[in-house]
Every structure is written in structure tokens, then in C-alpha cells.
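A.B. asks: I have a structure here, written as C-alpha cells, and I will follow up with some questions on it.
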Amino acid sequence: MKHIRNFCIIAHIDHGKSTLADRLIQACGGVTQRDFHDQMLDSMDIERERGITIKSNTVTLAYKTADGQEYLLNLIDTPGHVDFSHEVRRSLMACEGALIVVDASQGVEAQTVANLYLALEYDLTLLPVINKIDLPAADVDRVREEIDSDLGLDPFAAIPVSAKTGVGIDKVLAGIVDHLPPPKGDPNAPLKALVFDAHFDKFRGVILQCRVMEGTLKPRDVIHFMHSDHDYKVDELGYNQFKLVPKPQLSAGEVGYIVAGVKSVQDIEIGDTITLLDNPASEPIPGYQEAKQVVFSSVYPMSTDEYPDLAKALDKLAINDAALTYEKDSSAALGFGFRCGFLGLLHLDVVQERLQREFNLGLVISAPSVQYCLTLKDESTLNVDNPSNWPDPSNIESATEPYIKATIIIPEEFVGPVMELCREHRSESQTMNYLTADRVEITSEMPLGEVLFEFYGKLKMITRGYGSFDYTPIEYRPTDVVKVDILVNKEPVDAFSYLVHRDKARTRALHYCEQLAEAIPRHQFKIPIQGAIGGSIIARATIQPYRKDVTAKLYGGDVTRKKKLLEKQKKGKAKMKQFGSVNIPQEAFVSVLRAEKD
Ligand SMILES: Nc1nc2c(ncn2[C@@H]2O[C@H](COP(=O)(O)OP(=O)(O)OP(=O)(O)O)[C@@H](O)[C@H]2O)c(=O)[nH]1
């Protein structure tokens, strides 16, 4: 066991975690040059294209030190984005140490700090790595100072590297062996293994990634999942070395895979503890947290006959994405669809993109919403995320909404506008902390719902891309939430209804009305577009009448051409959604609902 190291790499997004992982893999000879492609651990196309890590992956590397000692290094990759922080937690629980990567040109950022706190929560030993020293803008001394002042870690222990050129990689490997502790645990104790990841394989079913904490596991053992209370028989287990390498057993301290006839990742819970059915551990591994959906949105197919395809696509995605929830939903405007729960906005984006790209589906996605918790007059409680389930307001006694603690790190010059932005988004209690002379950390408690609407985009714009943002959910707090309907020609269009704080209702309604007024083509009559809370109108825009005579360009003569044009116009109209007497083209739904998110 003293020749095992279980570690992960944590970093702010884009600081080079995946590239560093690639170099470590290459340096250990874990993969032949021919099989090597960049970002080995990022397996999804979207991950590679966007350069972000979404799903964690794991690999066991064989490393020989300069004096000939052999080690097994288990590198557990972690996602870098806030939406997936529960995955980061699970990965951290499987490790004793972590490399904390900081970009030499950017310095410490919000997610570096957030990830550091998480790692400390799990008592990990940290080894700082300063990456991208090949860049002209690299400033290793300044980053050392930040590692000391912002992270409270030993600046002289930090290893300067370039994951791009490979400089310093040997020092990182030596550092892992020398500075990170080996695992502990008793191979003879009752089995306790942490499931920290799982993915679905067409041929083998679900492949579980596990860290054995105590005990020993062998093929044909019957395992018991302590939280979900399911039993399975182990078919095979072993190491992940880019392919699955079967082993006769996995014991305390080791990290590996298990194949046990699990059909879908929805059948198990990641973070669960596995024990043996006939010699169970008395308690599961502490620190289990369920993935919690915090952002909800309805997803409709662009054309109603694609609904069965959407259903199939979601089933397929869910096999591999335990955090995605979905249930049937319907809209008068858009037909049948699904109400989906996501971990955050990035998760929503990723699912949306995969549906469109991998399954070739055209989608209309409603405005994302958080979940409100209502206490009704009869003292019952109700959780609502979907405007169509909003109860009669006269029955509502009180409401609460989820709050987050946001951490924003920015250059000092942007403090004023960023504070203002936070206040506009209903921030409560902001604090400011100088990290260095010119970099400031603002922490602010604000409603999660406020971050879903225009916040990221504005923050990026105000700070010219230099601001970094992270958040953790804190608690539910009282709120005054209302349901706003958007009426087109006096008819409510359910796909546009939304839940919002009363103070924000009007601005957002105006935004919708104006966008819709642009997106809906003129008709032969005047069309009012209104925002309303119950019976009272709070915003309004108007589409002026217009009549398009498609045959105007034709003078006399050819009847068939005229007929053709009219036929074409008729087809165009058929494609539109009929609303009252107003046609709302599908593109209007897409453009208005999309504009909303940025
Ligand atoms: N010049 C230079 N560029 C680097 C170095 N390491 C990484 N990069 C580049 O930095 C960008 C981000 O690197 P990634 O490895 O994808 O970053 P990451 O931290 O894994 O990002 P996420 O997976 O999104 O968290 C890529 O364009 C890399 O090519 C380095 O040492 N020098």
C-alpha cells in the first residue's frame, strides 16, 4: 500500500488540468505514442471541443522512480466547473492528495480557491503546481506570492511546469511520490468501497469506478449498495489502464473498476458505499451527498412528431448521466416535451448540445427556473419549479427561494460596476477582500435564480473577461415570488410564463414583450403583447399591422405562378403555431427563449 498514491488535479477552468494529466500519462508510458491523443481523459466530443472537463475519468499509472522503486499512481480526473462540484467532492473523497494547478499568467482564481476549500474539507495533502511557465506573460514569482497569500500553501513547494512543452513534469511525478501520503486502510476489515463514478458501456453494462477504503473485493462476491439498498454479483474487477485490466482482487487503498451487471447508472447512486452482502460494514463512508438539481427547464422538440425521438434520446443520455432528471411536460404552444432538472446552467447547455448534436434534434427550451418552496394557506408545503404548476396566488401563505454564496475574483478597477451588478441581481451582504494589491475577491449572498438570468453575460462584459465566478448553494430564504404570463393578442402563451421576484417582474416582462414584438411577423391587424401578473398588466409592446401581398410583383398574366406563390405563402403559414388568431413562428420561441440565457 505504501507504493500507491491516489490523487486528483484541481484547478480553475482552463488552467491546464487536462493537459497536465496528458503529460503525466505520457511520462509514465501509460499509452503508446500511436494511441495518444490530446486530452486523453476528456472522452466526450463536447468536452474536447469546448476544452472543458465534464465527466470524471480515472487512470492507473505505473511509475518508476529514479532509484528504481515502482509505484501505482491513481489519477482521478475531476471536472473543473461549479455545476459539477458534487462530482469534485466524490473524486476528492477517493484521494489522499491533490495537485492544485495555477496558471502562471492568470494567477489564483475563484475556482482555485473554491476547490482548495473543498480539498481541505476532505483533509487532502496539497501540492501546488504552477503551469504554463512557457507563456511570455508567465509571472512565477507573483503566482508564488498568491499561492502563499490566497491559498495559504507553501509557495516554495510549488513546482513550475509547462504542461505544453513537458518542462518540469518529472518533478511533478517525484513530488507526488514524495509529498502526497499513501492510502491507509485494513485489507482484512469488512469491505467499504466508494463508488465515485460510473459510466455505461454498450457491451458490459455499467462500469463502476471505485476506491476501496477497507477490506478486499473479489470477482463473484455479492456486493450491497448501502444507500440505494441494491445487491449485485461482481463479474469482473481490475485497473483502468486505458483499457480494463482484470485483477484477482481490489483491496484497501486501491482504485479500480467493477463490472457487476448494473443496467443503467440511474439504478445506482454515485457516492454510495459498496460492502459485502455476507460480511457487511456497519456504517457507510461518511460525507455522502446526493446530486441536487437546481435548475429546471422544459425541453420541447421543434416539430411535434419528433417527440418520441426526444424521449428516446433522453433515455439514452440518462443511462450515463445520473444527475439528469426528466418527466413528461406539455405546453399548449409547443406540444409534448419534458421538464428536466439540471445541476446548473452548464449542465443544461451540455445536455442541450448533446441532444442537438448526437441525436440531431431541433429543440425549444423554456427559460430556466429554480425551485421555489411554498407554504400554502392550509399549512401544506409545495415545491414548484414549473410555472404551469403555480397554485392560485390567493392560496399562497409564504415562499422561499434558494440562495447561493457567490465568489467573484476581479481586477480592482472593476469593483464598482461588479458590486452594482450584484446589487441589481438582488445581492444581500457583499464583502470585499483584497487578495493582492490589484485583485479583489467579492463574496455575495444572492438568489440562485438571479444568476440564471443575464448575470454571467453581464459579468463577462463588465470585466472584459477578467472576472471569475463561482458559487455554492447556501439555504432557502423568504421571497416574494410571482408568476408572470405573457399574452399575445390577449391569449397567454404558456411557454413564456416565468416565476420571478416581484421587483424584477416588470423589467423582465418588458424584455420579453420587446423581443417578441421583434420576433413575431406583422399581421393584418394590430397585436398587443403584454406581461401580466394575474389580471394586472405590467408591460406592453405592440406589433403594428401589415399586409404582405406576395403576388404584388406579378403583373397580370401567369396564373400558375401566382398560384405557386400563394401556395408557398400558405405552407409558410402552416409552419407557424396558431395562437388565438396570431401566428407565432417556431423561430420566435427559439430566439426569444435563447436570448434569455445569455
Ligand atoms: N502555453 C501553454 N498552454 C497550455 C499549457 N497547459 C495547458 N495549456 C493550454 O491551456 C488551455 C486549457 O488547458 P486544459 O488542459 O484544457 O485546461 P483544463 O484546466 O483541463 O480545463 P477544464 O477541463 O475546462 O477544467 C488549452 O488550450 C491548453 O492547450 C502550458 O503549459 N502552456
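Cβ coordinates are placed from backbone N, Cα and C, and glycine is handled just like the others.
Predicted automatically and left uncurated, TrEMBL annotations should be read as such.
Note that the coordinates shown come from a computational prediction; the quantities given were computed from them, not determined experimentally.
Okay, so TrEMBL annotates it like this:
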DOMAIN    2-184  domain 'Tr-type G'
BINDING   ASP14, HIS15, GLY16, LYS17, SER18, THR19, ASN131, LYS132, ILE133, ASP134  GTP binding site
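On this model, are these features tucked inside or out on the surface, and what's nearby?
C.D. replies: Around GLY16 (GTP binding site), a 10 Å sphere centred on its CB holds 23 further CB atoms from the protein chains shown. Following the DSSP three-state reduction, the secondary structure of GLY16 (GTP binding site) is coil.
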A.B. asks: Mean pLDDT for the domain 'Tr-type G' (2-184), as a whole number?
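C.D. replies: The answer is 83, the mean pLDDT of the model over that range.
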